[in-house]
Amino acid sequence: MPTRSDAWLAAGLVVASVAAALLTGSEPPHRPTDAVSLAFAVLSAFSLLWRTTAPVSITAVTGTVVVLNAAAGYPPTVVQWPAWIAVFTVFATYGWRMRLAGGLITFVALVGYVLFDRNEVGSAELFSISMSFLISMVAGEATRARRFWAEASQARLLAEERTRLARELHDALGHAVNVIVMQAGVGRRVFADNPEFAQAALGHIETVGRDALGELDRLLRVMHSDDDSPPDLGELAARVRAAGRDLRLNTSEVDLAPGAARAVHRIIQEAVTNALRHTETGRIDVDLAQVGDRVVLEVANEGRHLAAPTPGRGLVNMRERARLEGGEFEAGPVDGGFLVRATLPARSTP
C-alpha cells in the first residue's frame, strides 16, 4: 500500500515532469517532445508511489524507462529525476543487500543507456549521467550513515541515563536500607533483655524509612525538574548517630559547581553507608576541605570488619562520580580501618 508521502511525491513529480518536458522541449539530435516522451515521464514519476514498499523494483522500473527513453531518442533529463530519487531511497534506507541490488540495477541501466541510445551519447554526456547517479548513491549513503550515528548516539544517551538513574537510586536508598538493617539486627538481639532500646530501634527504623521515601520522592521530582541540590550532611550525620554509630563531621567552606557539589555529597553518603555495612563498631570520620584549586574529601572508619560482603556498586559509583567531575578517587584499607579519598576541581582558588 503506497504511503501518503509517496503519493504526494509521485503526484508532484508527475506534474513537474510533464511541465518541464513541455516547457523545455528538445534540441537536435534529440527527438521533439510528443505523447510517447510524456508517457515515459509520467510512468517513471508515477512509479514512485511504491518507492517505500518496493524500492528495488522501482529502481528497476525507473532505470528501464531511462533506457527506453534513450533508445527512442528523447532528452534524458526529465526521466532521470525519478531514477535519482529511487536510487537515493535504496541507499539511504536499506541494508547492504538492497543497496547492492540497487547499485547493480543502476549499472545495468547505464550500460543499456550506452548500448541503446539512439543519439550515440558522447563521453561528456555519459560522464554527466553517470555522475548524477553516483551523487544519488553517495547522498543516500551519507543520509543512512547520519541516521545510524544519530540512533547510536541516542542509544548511548539512553544507556548513560539508565546508569545515572541506577546510581541515583543506589545512593538515595542504599544508605537508608543499611541503617534499617543494622537497627533491625540490633533490636532483634536486645529485644528480650532491653525492650525499651528495641522499641527505640523500631521507631528509628520508621523514621529512616520515611526519610527514604522522602528521598525517593525528591529524586523523582529532580527527574522532572532542574532542582538538583545536594543533600544536607548534617542530616546524614544525625541519622548515623541515631543508629548508634559515632560520626565526626569536619567540613569547611568549599567552592564547587552544583554538579561537583552533589558528587561530593553523594560520595560521602556512599562511603558512610559502606562503613555502616562493613563494620559494626568504630568511629567514622568525614573531612571536607579546599586545598588550593582542589577540594579534598576523606571518609575514614575504624572498627572490626564483618565477614566479606557481597560485591556491590558502591565503590564503582563513587569512582565514576569523581571521574565525571574531572576528579580522582582512591579507596582501600588502612591501619585499623578503611579510607575513601576523593579530590575534585574547585570552582575558584581561595
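Along the chain as shown, the residues are counted starting at 1.
Note that Cβ sites are derived from N, Cα and C of the backbone, with glycine treated the same way.
The transmembrane segment feature in TrEMBL is assigned to 30-49 (among others).
Annotated transmembrane segment per TrEMBL: 56-72 (among others), in sequence order. Long-range contacts of the transmembrane segment (56-72) within the same chain: residues 31, 36-37, 40, 43-44, 47-48, 50, 79-80, 82-83, 86-87, 89-90, 98, 101-102, 105-106, 108-109, 112-113, 116-119, 121, each at least 6 residues beyond the stretch ends and with a Cβ under 8 Å from a Cβ of the stretch.
Per TrEMBL, the feature transmembrane segment maps to 100-116 (among others).
For 122-140 (among others), the entry in TrEMBL reads transmembrane segment.
Taken from TrEMBL, the feature domain 'Histidine kinase/HSP90-like ATPase' covers 259-348. On the 0 to 100 pLDDT scale, the domain 'Histidine kinase/HSP90-like ATPase' (259-348) averages 81 in this prediction.
Cβ atoms under 8 Å from those of the transmembrane segment (30-49) belong to residues 2, 6-7, 9-10, 13-14, 16-18, 21-22, 58, 61-62, 65-66, 68-69, 72-75, 78-79, 81-83, 85-86, 118-119 of the same chain, restricted to positions at least 6 beyond its ends.
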